[in-house]
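Going by Swiss-Prot, these are the annotated features:
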type    : residues                                 : note
BINDING : 24, 25, 26, 39, 62, 63, 64, 65, 123, 156 : substrate binding site
BINDING : 207, 298, 329, 356, 357, 358, 359        : ATP binding site
C-alpha cells in the first residue's frame, strides 16, 4: 500500500518555519467544558515535537457541524484554554469568525520559534467541506509546511485536510497518523496469523465493503451486534423485532457463501440476550438458540456465543475490532462487548487494534484502552482504511 510510506515530521527541518497542523479537536463539549480529552491527548506528541524543534506551530481543526457559519457554542476557544494547560505554555487563540481574517493574520505574523496559535473552527467557512481553492489558499498563506495529524477526517477531502497542503512546500504526517498507518496498515497488509476481524454495530449497510474486503484477508470473521440479525435472518432464524435490514439479507447470504469458498471461519451468534422493549431496565432473557421470540428484540450476544467468540480471539495473533457486540450503554446488555474487550486485553502475544468510533468509546469506558496495541482515533476513516480505500488526507502527503 503506497499509503503506508509517507514522510513524517521527523523527515523535514521545521526550525523557524511556520507549520500548519491539521489536528482532530472534534471533542464533546458540555457548557464549554471538554468531556472527553482523548483527542487532545492524541495530538500532544506532534505539537510537543514541533515546539521542541523551534517551529512556529499553527493548529487548525473542525468541531461539530456549524455548516459554514460562526456558532459560538462550536468555537475552539475551550480547546485553546485546555491545550495551554496541558502543554504548560500559552496557546494563543485566534478568535476569528472568518478563520483566516485579521485576528488570525495578526496572531500568526508575530510568532517566535516554539509559539503556538490555534485558529477558529475551520467549518465556520462553508468552503471547508467543499475543498474550495480560495479557503485552501488563505489557510496556506499563513504557513510554509503542512502537517496532517487528523486521522479522524483523513477520509474527507476538505480544505484543511487536503487543499491547503497543495499550496505549501512540504506535506507530511504527524505522529498520530504515522501510528494509525503503522498499526492499522500493518495489521491488514501483513498480519501475523491467525488473523481475526470482529465486526459489530448496528448496520450491515455501513460495513458492506469492509465485510467483502476482510473476507479476502482474515482467517476468522466474527459478526455480532445489531448487524448480526440480518445474517441470522439469512440463515433462516426468526429475529423478532431486532434490528434487521431486510434488503441486505441476500448480501448476507452471498457473504456466508464467500466465507465458505475462501475457507474463512465465519462466527455468528448461536444464542442472544433479548428483551421485550429497548430500555436500560428491560429484563434480559437468554434464548435457547439463535431464534428471537416474536415481539422481542436481541440486544446482546448470549453466553454460548460469547464463549465461541472469546475462544477464537484467544487463539488469534492479530485482532481488529470495529463496532460493539450489543447495546453496551445499558448494563444489562453490555456483556458481549465487555467480554470481547476483556479477551482482547488479556492477549499478551498478539496485535490488538480497535477501529475507532463506538468500539473505541466502549474500550476506553471499560478501562481496557491501554491494554490494546492500538486504539484508532478514526471511526469512518478506519473503516474506509480497512476497506482498502485510499484516504484523501493521507494520499495528499509527500512520499518518503
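Keep in mind that glycine also has a Cβ here, set from the backbone N, Cα and C atoms.
Features as recorded by Swiss-Prot, highlighted on the structure.
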{"residue": "24", "record": "substrate binding site", "DSSP class": "coil"}
{"residue": "62", "record": "substrate binding site", "DSSP class": "coil"}
{"residue": "123", "record": "substrate binding site", "DSSP class": "helix"}
{"residue": "207", "record": "ATP binding site", "DSSP class": "helix"}
{"residue": "298", "record": "ATP binding site", "DSSP class": "strand"}
{"residue": "329", "record": "ATP binding site", "DSSP class": "coil"}
{"residue": "357", "record": "ATP binding site", "DSSP class": "helix"}
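Maximum intra-site Cα distance, substrate binding residues 24, 25, 26, 39, 62, 63, 64, 65, 123, 156: 18 Å. When the Cα of residue 123 (substrate binding site) is compared against those of the binding-site residues 298, 357, 358, the shortest separation belongs to 357. For residue 357 (ATP binding site), the count of additional Cβ atoms within 10 Å of its Cβ stands at 22 [all protein chains shown]. Across the fold, the C-alpha of residue 357 (ATP binding site) and the C-alpha of residue 62 (substrate binding site) stand 17 Å from each other.
Listed in sequence order, 25, 26, 121, 122, 123, 128, 153, 158, 160 are the same-chain residues at least 6 apart in sequence whose CB falls under 8 Å from the CB of residue 62 (substrate binding site). Counting only residues at least six positions away in the same chain, the Cβ atoms of 200, 201, 321, 322, 323, 324, 337 sit under 8 Å from the Cβ of residue 359 (ATP binding site). Between residue 298 (ATP binding site) and residue 64 (substrate binding site), the C-alpha separation comes to 32 Å. When the C-alpha distances from residue 64 (substrate binding site) to the binding-site residues 207, 329, 358 are tabulated, the minimum falls on 358.
Of all the binding-site residues given, namely 24, 329, the one with the smallest number of surrounding CB atoms inside 10 A is 329.
Checked against residue 24 (substrate binding site), the binding-site residues 207, 329, 358 differ in C-alpha distance, with 358 being the nearest.
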